[in-house]
Amino acid sequence: MAKEKTLYTCTECAATSPRWLGKCPGCGAWNTLIETVPEAAGAGKNRLSTPQYAGLAQAQAVAPLSSIEATEVVRTPTGLEELDRVLGGGMVEGGVVLIGGDPGIGKSTLLLQALDALQRAHLPTLYVTGEESGAQVALRSRRLGLEGSQVNVLAEIQLEKILATVQATQPAVCVIDSIQTMYSDQLTSAPGSVAQVRECAAHLTRLAKATGIAIVLVGHVTKEGALAGPRVLEHMVDTVLYFEGDTHSAFRLVRAIKNRFGAVNEIGVFAMTEKGLKGVANPSAIFLSQHSEPVPGSCVLVTLEGTRPMLVEIQALVDGGGPSPRRLSVGLERDRLAMLLAVLHRHAGIASSDQDVFVNAVGGVRISEPAADLAVLLAITSSLRARALPKGFIAFGEVGLAGEVRPAPRGQERLKEAAKLGFTVAVVPKANAPKKPIAGLTIHAVERVEEAMQVVRELA
Ligand code: TYD
Ligand code: MG
């Protein structure tokens with residue numbers, strides 16, 4: 001069979017060219033041409049030149065929304081509770097999950113454990129590996145203590161062979177580890193290129209939808225932290241999960257970025273052990289470093305990730321800088337840090353323009369909610385003044401540009417969790433102050449940044 005010719009298509013304007021070009025002949029954008037397989041003859045012809053669609057295809061029946069039966073999706077729990085939590089209850093028939101993360105963080109480990117648990121629940125599974133040999137996967141499974149595992153393994157990187165195998169073996173759940181190693185015969189570009197990743201993911205997604213097989217795609221993350229390959233991958237799939245955490249610490253977070261079958265921002269917490277990943281059922285206290293006495297520059301924040309409150313220590317170091325002081329943050333947004341420093345200066349009169357400011361969320365967690373603002377500011381001022389915050393101190397609340405402290409969602413739950421873990425003093429937004437006192441917790445409700453600074457000055 002003659003090989004089908006490929007076309008280069010612009011991702012911006014969809015103009016095509018038979019050759020790769022740096023500049024799109026249609027819209028003039030640079031570097032937007034990617035290799036694609038041309039549509040089957042007939043399908044695309046005259047599509048644009050004929051305004052009359054009738055006659056080209058049969059009109060299809062439409063139905064009002066209310067008459068369509070809304071069937072609940074069937075979920076199959078993987079047996080790993082923390083993974084099920086982020087998935088919204090388990091794997092969904094025909095659902096496609098993309099899971100991304102740094103190399104070595106535990107993607108393959110987690111998925112092998114999940115497949116084994118599913119297989120032991122008598123669901124046929126298939127693990128397609130493009131990065132390791134079957135022997136290497138077997139070695140890992142022994143290390144994980146998965147004796148006598150019945151998970152089927154296929155070491156293959158050619159998409160067409162994989163599609164045929166999946167169709168022939170009909171697994172309930174299939175893992176592709178990783179999408180960047182797969183390549184389709186239809187394209188000449190190398191595995192891992194945008195065109196290949198897109199093409200392979202599209203075929204696999206179609207297969208999942210057509211057969212009801214749940215497919216998990218493992219994706220690599222670029223240096224910038226985005227999933228390698230086009231963003232379009234995130235649009236194609238039903239669920240996007242990210243592995244986070246510091247590879248030097250044992251804890252790993254799996255976060256749902258997108259989920260058509262559940263809540264987003266839910267997180268699962270795991271600990272990497274000798275025998276693979278173990279779920280951490282009660283993670284609220286794992287992101288605290290253990291100081292025997294309070295130290296300057298540290299403030300504990302109660303953050304709410306998905307449905308669970310967690311306590312995370314925010315550390316700041318403010319130190320005399322050079323002519324252009326640095327602002328660096330790990331686990332928190334840097335732009336937000338610059339904004340907070342400006343608010344601190346303008347509204348509380350605390351200047352740091354000649355200082356280096358470093359901020360870190362302990363344990364490799366990434367905090368995206370603005371409710372961290374107040375804790376960040378308190379950690380910074382504590383470091384600046386070299387005065388520790390009181391023992392058992394927590395804070396949360398969003399800080400606005402006008403210097404106001406805005407409430408955080410579900411403040412009661414956060415305060416209760418802090419009290420449960422033995423924290424005794426809290427500075428919180430006024431609207432989050434509980435009506436009934438919480439046993440063991442002294443609460444200072446504040447409306448403005450300067451008020452918060454005043455409260456802390458009096459406490460310390
Ligand atoms: P892996 O799942 O191969 O990462 P990824 O697929 O995301 O690249 O994880 C490998 C790391 O996990 C490796 O550094 C060793 C560690 N590990 C353990 O600590 N315990 C274990 O039981 C296993 C299997 C791996
Ligand atoms: Mg791997």
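Cβ coordinates are placed from backbone N, Cα and C, and glycine is handled just like the others.
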Among 128-132, 258-262, 288-292, find the range that TrEMBL records as motif 'RadA KNRFG motif'.
258-262
Do any of the binding-site residues Gly101, Asp102, Lys107 touch ligand 2, in the sense that the CB is under 6 Å from one of its atoms?
Lys107
Run through the Cβ atoms and count how many others sit within 10 Å of the one on Pro103 (ATP binding site).
10
Running a distance check here. Ligand 1 versus the binding-site residues Asp102, Gly106, Lys107: which have CB less than 6 Å from one of its atoms?
Gly106, Lys107
Could you work out which of the binding-site residues (Gly101, Gly104) has its C-beta surrounded by the smallest number of other C-beta atoms within 10 A?
Gly104
Could you tell me which three-state DSSP class Pro103 (ATP binding site) falls into?
coil
Count of other CB atoms lying within 10 Å of the CB belonging to Asp102 (ATP binding site):
17
Around Gly106 (ATP binding site), which residues of its chain at least 6 apart sit with Cβ under 8 Å of its Cβ?
Phe243, Arg252, Phe270, Met272, Leu277
